[in-house]
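Chemist: Pulled these features from Swiss-Prot for this protein:
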type	residues	note
BINDING	16-24, 74-78, 133-136, 163-165	GTP binding site
DISULFID	Cys123-Cys188	disulfide bond
LIPID	Cys219	S-geranylgeranyl cysteine
LIPID	Cys221	S-geranylgeranyl cysteine
MOD_RES	Ser2	N-acetylserine
MOTIF	38-46	motif 'Effector region'
Amino acid sequence: MSDGDYDYLIKFLALGDSGVGKTSVLYQYTDGKFNSKFITTVGIDFREKRVVYRANGPDGAIGRGQRIHLQLWDTAGQERFRSLTTAFFRDAMGFLLLFDLTNEQSFLNVRNWISQLQMHAYCENPDIVLCGNKSDLEDQRVVKEEDARGLAEKYGIPYFETSAANGTNISQAIEMLLDLIMKRMERCVDKSWIPEGVVRSNGHTSTDHLNEAKEKGICGC
């Protein structure tokens, strides 16, 4: 796809504590590479990737492909950047929430991150995929899989164990998030009612229309 040759531009936000591997996960997804020497993200950065999304119909048939331009925003996890990070929440359509399987505190802080999303995202029930990262460091693991899955079930969100080092489940997690977003859009009767985190190729976007749709009970926020 050439520049501008897409149906939707969709913004995802990766968030979580500092050092959980957000930058490495996004780099692995967009470039297929791992760099263990990334410096800590200061403020906000982003990466991009073009994908084709095909939804399965009720009869199992694969629908027409939608050309998607993904913007994957990488946020600083440090507390001193929190106000800057939350300012970007409302502009994102989906959220990849990461914690470090070798760092229990990063797992305990997941609840705080979800609370922040519920307060600052475009609606109180945004689409989130939870990722326990660094699954390749099995000998250093301190967070049990059943605990992580239990937390994800409590919030009703998908859970993946990922590794930026070898790429395990990274594409699957982001594809799941994209699928949630596209299905939310499909639940809107009028496809012009799409949040700011989604931009059509003609540049049109409207949070006001999304709010109107929510008030009428049309859109699935």
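Using the three backbone atoms N, Cα and C, a Cβ is placed for every residue, glycine included.
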Chemist: Cα of Asp74 (GTP binding site) to Cα of Cys123 (disulfide bond): how many Å, rounded?
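Modeler: Cα-Cα, rounded: 20 Å.
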Chemist: Under 8 Å between C-beta atoms and at least six apart in sequence, can you list the same-chain neighbours of Ser163 (GTP binding site), or say none if there are none?
Modeler: Asn133, Lys134, Ser135, Asp136, Asn169, Ile170
Chemist: For Asp74 (GTP binding site), just give me the three-state DSSP call.
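Modeler: Going by the DSSP assignment, Asp74 (GTP binding site) falls within a strand, counted as strand.
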Chemist: What whole-number Å value do you get for the CA-CA distance of Gly19 (GTP binding site) and Cys123 (disulfide bond)?
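Modeler: Just about 27 Å between their Cα atoms.
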Chemist: Do me a favour and check the Cα-Cα span between Cys123 (disulfide bond) and Gly16 (GTP binding site); whole Å is fine.
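Modeler: Given the Cα positions, Cys123 (disulfide bond) is 19 Å from Gly16 (GTP binding site).
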Chemist: With DSSP assignments reduced to helix, strand and coil, which class does Gly19 (GTP binding site) get?
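Modeler: SS state of Gly19 (GTP binding site) = coil.
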